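Structure, as C-alpha cells:
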Amino acid sequence: MANNFARLLTSKRNVGILSLVGAGSLTAGFLFNREHVTAGANVRRVYPASAEYPDLRKHNNCMASHLTPAIYAKLVDKATPNGYTLDQAIQTGVDNPGHPFIKTVGMVAGDEESYEVFAELLNPVIKERHNGYDADTMTHPTDLDSRKLTSGQFDERYVLSSRVRTGRSIRGLSLPPACTRAERREVERVVVDALAGLKGDLAGKYYSLVSMTEEEQQQLIDDHFLFDKPVSPLLTCSGMARDWPDARGIWHNNTKTFLIWINEEDHTRVISMEKGGNMKRVFDRFCSGLKEVERLIQEKGWEFMWNERLGYILTCPSNLGTGLRAGVHVKLPRLSKDPRFSKILDNLRLQKRGTGGVDTAAVGSTFDISNLDRLGQSEVQLVQTVVDGVNYLIDCEKKLEKGQDIKIPPPLKK
Amino acid sequence: MPFGNTHNNFKLNFKADEEYPDLAKHNNHMAKALTKDIYAKLRDKQTPSGYTLDDVIQTGVDNPGHPFIMTVGCVAGDEETYEVFKDLLDPIISDRHGGYKPTDKHKTDLNFENLKGGDDLDPNYVLSSRVRTGRSIKGYTLPPHNSRGERRAVERLSVEALNTLDGEFKGKYYPLNKMTDAEQEQLINDHFLFDKPVSPLLLAAGMARDWPDARGIWHNEAKSFLVWVNEEDHLRVISMEKGGNMKEVFRRFCVGLNRIEETFKKHNHGFMWNEHLGYVLTCPSNLGTGLRGGVHVKLPKLSTHPKFEEIMTRLRVQKRGTGGVDTASVGGVFDISNADRLGSSEVEQVQLVVDGVKLMVEMEKKLEKGEAIDSMIPAQK
C-alpha cells in the first residue's frame, strides 16, 4: 500500500530516481546528468563560504583530503530535494579528525540524491576509498547468483564460523543521518511487513527495540544478535542515533541463520551466518533471502536504492556497490605470527579484524578475515575472493604446521 | 542546525501523529509539556534563522531521563525560540522555575554594593568561592544552531571585547585549537580548561559540533576572572578565588560583567536580555540571572545529619560534588550554590548563598561540639 511518498515500481535494471518535493509531485529522472536534480529549498546563509569553511588542518579522512575551499563554496548553497545540505554531510568528518588505525571516510549521505547533488565531493572520495573507481564513467556489476560460487566449503578444523552481510536502503525514504521520525517508522513498517511474508527456512520474527521483553533481550544478547545505540562518534556525529530506540529492531529467522537489523546505520543490514565453514550455504541463503525480501517489498510498490554507477546506495560511501562484507572466524596461530601475514592478506584483497568486528583485536589467534573491496566487483566475485583467499590462508597454516615454507601469492587485481 | 531536521516543510508531508516522538518512557520537563496538540500546533513554525520545534526537543527525545535530576529536555537555538515556541517553553519554564508565569517580570540587579556581608565566611570551612553566569550576544544564533561562520564571529567579537579590559581585568585569550602544550598544562592545573562536552544531554543538542573550532578560554592575570567562549553558551563568565570572601568575588563579577557588556554594546551587539526572561541563554534552566554562586565547604557532620536535605531546601540552595554538576562529594566537601535562577535578582541569589553557607558552617561547628542544631533550622526562605 503506497502512501504519498513516491516509489517507482521499476525493475532493477531501469534506473528511476525520484524526488519528492512539497505537495507530493513525482519527478522521475535519469540521474546520469546531474543538472536534472532539483535543488531543494534555499539553504540559510548569512556568511560567505570562506567564513564557513571548516578548519581541516589537523584532519586525516577522505572528506578532508578532497574538500577544497572551491568545492565547498560551490556546493554549500545546494540542498537535496529533502533539504539535506553539504554541511550536514560532512559534519561527522569535521567532528572526527582521524581514526588512529584507518583513514575514515568522513562523510555520509542523507538520501539517495546526496550522491548526485554532492557528486563533486563524493566522487573523489569514492575514488580514493574504492581503489580508483570512477563513478562518472564506470558501471558496477551486481550478481547475486550464488550458484556460481566454487569451493565454498572450508576446513572446519580452522574455520569456526562464516558470515555474509550487506545493507539495503528503501528508495524514496531518507537515510539514517537525515530521516525524520515518521520516515524511520515507515522504513520499519515497510521492511517488517515484507519480512512477515518469508516462508520455510526463512520464516522468522521481529523484535522491536522499543517493545522487546526482558527475556527476548537476554536471548538476543546470548545469540550475539542484539545491537545497541551506536557509541562511536563517527556515527553519532552524523545524527544516525537520533530518537533512539524509536523504530529500531532486529528480525531473525527461526533457525537463527538469517538476520536483519532495521534502522541502525542503514535502513537495513542483512546478515546470513552459521557456525562452521559452509560459506556456500551461507551465501546461498544470503542471495535467496535478499531476492525474496526484494520481491516482497516490490509487491507493495517499494524498491531498493540502486543505480548502475554506484550499485546499492547506503549511508556510508564505503559501503557502496555491493555493501558486502563476507568473512570467517578462522584460527591461524602460526600464519598470524609470520611477518609475511599482512602482505599475504593485502595481495589476496583481504582484511583482518578482531573477533569483535571493526576496531577490535584478535583473541587468541582467531581472526575475522573478510573482503576489502565493496564497489567495482560483484557479490559473487567478492565472496569468491574470500573463499579462494581463506583457502589459501588455511593452506599456508597447514604448511607451517608441517614445517614447510609458504609463498606470498601474486597480488589480485583490485 | 541539528541534523535530520533537514527542511522542516518536507516533514509536513507526514501527519503530526506520525512525527510525534515516543515519550512513553521519558521523564524530563519537555516530555511532560509536549502534548500531541502542542506538537501539531508548533511543528510548522520556524524562527527567522530556521530553528524548528524538532530542533528544540531533540535532546529531550534522545535523553529520556537523568538518574538524579529532572532535566529540561530542550534548548533554544536563538533568542526568538523563546517567542516562537512559547506554547511549549512557557509551561516548561514555569515547571522548572517555581511557577514563573508568562506575565512575570524578572529583576536584574548587578549592583554588588547591595550585598550584605559575604566577606566573613570562615576559611577553615569555606575553601573557595565562585560566581558564574552566562551571556548570549544579541544578533547571533546560539550553540545548538550556529554555523562555523557565526561561532567564529562570536569568538572574534568576544576576544576583541575582552582585550579592551584593563586594570584588575587585564588578561589573555587561549583558543582551544591553538594553545601550546605548556599553556594547556597550566590551564589544567588551574582547573580552568574546559573540554569537549561528553554529556549526551549536550551532544544531542548539537553544541559540540566542529569542536574545537572557535572555542577558547580567556582569563585575567590574577586568575580570578575567567571567560569561556562558545562552550554551552556564547560566554560563560566566572569570578572565583580561594577562601570565603564571596563579597569580593561578587564585586569582581559585577564590575567585570558590566565592563564587558559596555564593550559589546559599543559594537552594537549587547547581551540578549528582556524584562520577562532576564538574560537569555541556551538552556531554559539558566534563564533569568543564569547565575550560580557557590562555595566549596567542608560539612562532614552536617552532610550526614538527617535534616541536611531539608535545610538546603529551606535555604534555597543545592549541593553538588566538588567536580560540579553530576559529581559526588569528596571528603565531606560540598559545592553549595543557589537553586534559583529566574524570578529573583543576582544580589538576592548571592545573598541566599552567603546567608545560607554562614548558617551551615555555624551548624557544622555546633555538631562538632556534640550539640543539637534543631533550634537553628530556618524557616522556608
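Glycine is no exception: its Cβ is also placed from the backbone N, Cα and C atoms.
So that you can see what the record holds, here are the features copied from TrEMBL:
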BINDING   A:161-165, A:His224, A:Arg269, A:325-329, A:353-358  ATP binding site
DOMAIN    A:44-131  domain 'Phosphagen kinase N-terminal'
DOMAIN    A:158-400  domain 'Phosphagen kinase C-terminal'
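Of all Cβ atoms in the shown protein chains, 25 besides its own fall within 10 Å of the Cβ of A:Gly327 (ATP binding site). Under DSSP, A:Gly327 (ATP binding site) is assigned to a strand (E or B) in the three-state scheme.
Around A:Ser161 (ATP binding site), taking its Cβ as the centre, 18 other Cβ atoms fall within 10 Å, counting all chains. The Cβ of A:Arg269 (ATP binding site) lies under 8 Å from the Cβ of A:Arg165, A:Thr166, A:Gly167, A:Ile260, A:Trp261, each on the same chain and at least six residues away in sequence. All chains included, 18 other C-beta atoms sit within 10 angstroms of the C-beta of A:Arg353 (ATP binding site). Secondary structure of the domain 'Phosphagen kinase N-terminal' (A:44-131) per DSSP, as helix, strand and coil residue counts: 41 helix, 2 strand, 45 coil.
Listed in sequence order, A:Ile271, A:Ser272, A:Met273, A:Met279, A:Val282, A:Phe283, A:Phe286, A:Leu324, A:Arg325, A:Ala326, A:Gly327, A:Val383 are the same-chain residues six or more apart from A:Val164 (ATP binding site) with CB atoms under 8 A from its CB.
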